[in-house]
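Asks: Let me begin by handing over the structure; questions about it come next.
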């Protein structure tokens, strides 16, 4: 049985009065093909809300990052249906339902702390 490693890195955006915010994440996760996994993105300043405009990016080796999810849960036309974004337990979440081998990548979360995107 093959395993698909998923790597999660988090970014913060837009310095301002909250420029000391610390973003927390799982350093890496592994899921088997067909499995489900949820990556989360938390903030030391409190609960992540839709006002943080959470973005999720996917980066495959040798490629530039591409946006999967924007403004918490909106998808681009190229985002596979198996990916979804939400808020879960005070964090931004990216859920992958039915992982495929081509989903092996690094996943980045971006949060805005200035109220601007």
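Cβ coordinates come from backbone N, Cα and C, glycine included.
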Asks: Suppose you had to name the range Swiss-Prot annotates as region 'Complementarity-determining-3'; which of 6-13, 110-117 would you pick?
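Replies: The listed stretch tagged region 'Complementarity-determining-3' in Swiss-Prot is 110-117.
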Asks: Inside 10 Å of the Cβ of residue 41 (disulfide bond), count up the other Cβ atoms and send me the figure.
Replies: 29
